[in-house]
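Annotated features in Swiss-Prot:
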- Tyr22: active site, proton acceptor (ACT_SITE)
- His99: active site, proton donor (ACT_SITE)
- Asn73, His79, Asp86, Leu100, Ser101, Arg110: substrate binding site (BINDING)
- Arg17: site 'Transition state stabilizer' (SITE)
Amino acid sequence: MRILVLHGPNLNLLGSREPGLYGRDTLSEIDAELQQQAERLGAELVCFQSNHEGALVDQIQQAASEMDGILINAGAFTHTSVAIRDALLAVKLPFVELHLSNVHAREEFRHSSYLADKAVGVICGFGPISYYLALEGMVAHLRSSQL
């Protein structure tokens, strides 16, 4: 099973950007641990980060013929991007929305998601563990849908 992991804007700054909120792990450290977890679960991951909405949309569209599911931390695009929502709906792949911080304990504008109502699940607030929980959930979802 192949899973695309998408990291949105500013996630390339993990480790140095507001470590009290997002933790000290870098994105490359999170991706490396996620790859190890995926191997243990029998999944293959492709990880991609961009600060550009169109690049994320391109990856989602490409995933339609190459992937079985998507994990997405769209960052600020979660609250603004109809384009990412439309791309996710167009490819018809299951996806999990995730966030490092608890978006519901933050500013009001972060409480709204353009993705959550179409996601298989939403995980937030556990720091880097949010990624690992999202992967576990996606693998379980894909396995149960194959029965």
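In case you wondered, yes, glycine gets a Cβ from its N, Cα and C as well.
Under DSSP, the residue listed as 'active site, proton donor' is assigned to a strand (E or B) in the three-state scheme.
Ser101 (substrate binding site) sits 13 Å from Arg17 (site 'Transition state stabilizer'), taking the C-alpha atoms as the reference points. DSSP assigns His79 (substrate binding site) to a helical segment in the three-state reduction. Geometry remark: His79 (substrate binding site) versus His99 (active site, proton donor), CA distance 12 Å. The closest partner of Arg17 (site 'Transition state stabilizer') among the recorded positions, by CA position, is Leu100; the full candidate set was Asn73, Asp86, His99, Leu100. Between the binding-site residues Asn73, Ser101, Asn73 has the most other Cβ atoms inside 10 Å of its own Cβ, all protein chains included. On the backbone, the CA of Asp86 (substrate binding site) and the CA of the residue listed as 'active site, proton donor' stand 20 Å apart. The two recorded residues, Asn73 (substrate binding site) and His99 (active site, proton donor), show a Cα separation of 6 Å.
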